[in-house]
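One structure, as structure tokens, below. Some questions next.
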Amino acid sequence: MKIRAKAYVGIISALGVIGTLWCVAAYLRLFFAGGWEERLPTLLVMVVVCAVCRSLPLYFRRGQTLDVSVISVLAIYLTQGASAAVMVYTLSSLFTFEFNPHTKKYVHSFSIGMEIVLFNNATIVLSILAPAALLTAADWWQPGTLSLPNALGATALFSLLTFAVNGLLQLARPWLDGQVHAREVGGMLLGLLPNVIAAMPVGYILAIGYSTPNNLWFVVLMMLPLLLARYAWKLYLDSQNAQSRLITAFIHSLEAKDRYTQGHSARVADYCVKIA
């Protein structure tokens, strides 16, 4: 990694730690101000939902996943504000597990290295605080106000800004390291934008569940179909990958019998994929 990339990672990580400590202190003051026994079940459910969203990303292509924690973060921000969103995301890091494609096992997020953990968490924390500061300065909407159409504008603005800030912070490191070009960064962000737009209504509905008294079971029941749909889509992608491997093995077996046509079948298969 180049020196400028290392300096960038260090600065972002330091800003993320400062922002996290400030948000945790602000949230704990409000949490223990009164009635913390009633707020504790909601906090636990929010942490569990956020950890599940982070541990079970959506598979939309072979080897590529989409973190859907933006749904949980959006719902928490709409109901309790930026400090609560940062607090819940930080606590969920203790219960987040990531799938290792090499070992085919789930490993704790902290096992990937403290430097990576601090940088990744910092990008999320800063992407929460920046849009929240903008909405606070605008002074036309306050967290906890879920009435339409005011909440619709806040939902769209917070989601898009969070996605943009997080994407730029994450992709700036490989850009500074010379791994990607600026045009590629823009293409990646535009490619993932439809997924963020589709996740906005889910985050708003989840916020309604958080804000309604004694309605935490609604949140749990809503998440179960989403997890089932995610698992069904993953099975479909696995079946497509298995079919591709079967065709590749069949091509290799044909080439092994006839050295004269060696490589021809593979080229034909590649052209067929491009044409399709």
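Each residue, glycine too, has its Cβ placed from N, Cα and C.
What TrEMBL shows for this protein is this:
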| type | residues | note |
| --- | --- | --- |
| TRANSMEM | 6-28 | transmembrane segment |
| TRANSMEM | 40-60 | transmembrane segment |
| TRANSMEM | 72-97 | transmembrane segment |
| TRANSMEM | 118-138 | transmembrane segment |
| TRANSMEM | 150-169 | transmembrane segment |
| TRANSMEM | 189-210 | transmembrane segment |
| TRANSMEM | 216-233 | transmembrane segment |
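For each listed feature, how buried is it and what is near it?
With a cut-off of 8 Å between Cβ atoms, the residues of this chain six or more beyond the transmembrane segment (6-28) that come close are 82-84, 86-87, 90, 115, 118-119, 121-123, 125-126, 129, 169, 172-173, 176.
Residues 12, 70, 73-74, 77-78, 122-124, 126-128, 130-132, 134-135, 140-141, 185, 188-189, 192-193, 196-197, 199-200, 203-204 of the same chain, all 6+ positions outside the transmembrane segment (150-169), place their C-beta atoms under 8 angstroms from a C-beta of that stretch.
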